[in-house]
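Asks: Okay, these came from Swiss-Prot:
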ACT_SITE  269  active site, proton acceptor
ACT_SITE  303  active site, nucleophile
BINDING   167-170, 193-196, 226-227, 246-247, 269-271, 349-353, 400-402  NAD(+) binding site
MOD_RES   2  N-acetylserine
MOD_RES   91  N6-acetyllysine
MOD_RES   128  N6-acetyllysine
MOD_RES   252  N6-acetyllysine
MOD_RES   337  phosphothreonine
MOD_RES   353  N6-acetyllysine
MOD_RES   367  N6-acetyllysine
MOD_RES   410  N6-acetyllysine
MOD_RES   413  phosphoserine
MOD_RES   419  N6-acetyllysine
MOD_RES   495  N6-acetyllysine
REGION    336-501  region 'Mediates interaction with PRMT3'
SITE      170  site 'Transition state stabilizer'
C-alpha cells in the first residue's frame, strides 16, 4: 500500500452532489423508522457534508427480513445459476469502474484519504477484487467421497444464509467490497452497516447494486451507529454470520453478542501492532521506504501499520536518520488539493487519542526526532512523527496508535528480536528485511502473524488470504480461503444397490 503518483489522475469534478443518503432495503430507499438522521463530516475542513438516515434495530430488522426473503428456497437468487451470480458481480465491477472518479472523490472528501490513493489504489483494488470474486462464483464445489459400503457420498458447499457485515471507516469502499464480494459469490444475502463516519460510498454502491440487476433483498445497507445498528446485527437471531473489521475492543463485543444470541458464524479482522524487522544486511534504501509507507500510509490509519520497527544495532543510527529525512518530506493539506501528500485523521476522537499517545512517548523517555503535535488551524491533522530510543514497555510500543507515528527500536540478536516481536496480544502482520534467505525463512516461520512480508510491506491483493493470529481476529478474507468463510459444508450420503470402483 504505497503512495501513488498523480500522472494518471483525472481532473476532480467541480459539481459533486451527494445523491444517496437513505437506508437501502429491497432495492429501495427508505427513511429511518425513528425519523432520525446523523451528520457526516469532511475531516479536512470539519464541515458537514450532509445528513444521513440513522438506522437502528428497527431498520436492521426490516433489512434482515428482506435478506431472509431473498434467501428463501425457490427465490430468484437461490435458483440463479452460479455463473449468473458471477456475471452480476462483473457488472457491478464495471459500474464501479464507470463511477470511479465520483467514488474516489467522495472517499477522499468523506474519509480524508488522499485523492491519488483513493483513485489509483482503493478504486483499482475494489474493481480487481470484485472481478476476482466474480470468477470464483461457479468454481465453489464439493467432492465425492469413497466411503465404505454401498453408499454414494458427496459434499456440498452451500451459502450460509443472511450475513451481517460491519464496515470500518479507514477503507470504507475497499472493506465493503472485501465483505460483499465473497459473500455474494457464494450465494449469500447481506445486511451491511457502514461506519457512521464514512457511509457515503457504500450508499452510492447500493444504487449500483440495483442498476447491476441484483434481485431485491440480496444486498441491504443500513447506515447507523455501532452501539445501535451494529449491536442489532451482532445479536440478531435471524442473521447466520457476522463479519467485522475494526478494533479488537469492538470485535470482542461482537463475538460475545454472537455467542449469546444464535451462535452465528463470526469473522473478525481486528487491530494490530505489527513488527517490522530490519537486519544489518538488508537493502537499507528499500527497507526505509517500505517501513515508512508501512506506518504512514493513509495517515497511519491501517490495521497492518508497521508500528514497531526493530532495527539491528549496527545500522540503527543510519536507519533513524533516513527515516526522519523521509518523514519530513510530507506536505499536509486537504487531500483533494494537488500537491498534498498527507491528509487528516478521521475525526476528533482519533485525533485526540493520537496526540495523547505522542505525549506519552515524550514523557516515557522516547526521543522525538520530528513532528510530535497537531498541524493547522482547521481539520484533524497530525504532524508526521518519528520516535527513536523506544523501549518495549512504553505505551507507544504496545498500543495501536492508528496515526502517523513511527516507533524505531534497536535489537542485537535474532532470538531476542523474535521474542520481542511476538510479545504482543496482536498478530495481524509483520515485515522482515534481509538479503539472507535462510534468515528470511527462519524469521517468517517464527513470527506469530497472519501475513509476513519479506523485503516489502503492505502488499495486499485479492488472490491472497488476509487475517490475523491471536487478538487480531479469526477467519480469513480473500483468496480461496476467504470463500470458505461464507459456506457451510454439507455431507450427503445416498444408499445404493451396488457400489463399483
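Each residue, glycine too, has its Cβ placed from N, Cα and C.
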Asks: Would you mind listing, in sequence order, the residues at least six apart from residue 367 (N6-acetyllysine) in the same chain with a Cβ closer than 8 Å to its Cβ?
Replies: 387, 388, 389
Asks: At a 10 Å cut-off from the C-beta of residue 128 (N6-acetyllysine), count the other C-beta atoms across all protein chains.
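Replies: Result for residue 128 (N6-acetyllysine): 15 neighbouring Cβ atoms inside 10 Å.
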Asks: Between the recorded positions 167, 227, 252, which lies closest to the residue listed as 'phosphothreonine', Cα to Cα?
Replies: 167
Asks: In sequence order, which residues at least six apart in the same chain have a CB under 8 Å from the CB of residue 495 (N6-acetyllysine)?
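Replies: In sequence order, the residues whose Cβ lies under 8 Å from that of residue 495 (N6-acetyllysine) (at least 6 apart) are 150, 151.
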Asks: Whole-number Å only: compute the distance from the Cα of residue 269 (active site, proton acceptor) to the Cα of residue 167 (NAD(+) binding site).
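Replies: Pair distance, Cα basis, whole Å: 10 Å.
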Asks: With residue 167 (NAD(+) binding site) as the reference Cα, tell me which of the modified residues 91, 252, 353 is the closest one.
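Replies: Sorting the modified residues by distance from residue 167 (NAD(+) binding site), the top entry is 252.
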Asks: If you count CB neighbours within 10 Å, which one among the modified residues 337, 413 has the smallest count?
Replies: 413
Asks: What does DSSP call residue 91 (N6-acetyllysine) in the simple three-state scheme?
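Replies: In the DSSP reduction, residue 91 (N6-acetyllysine) maps to helix.
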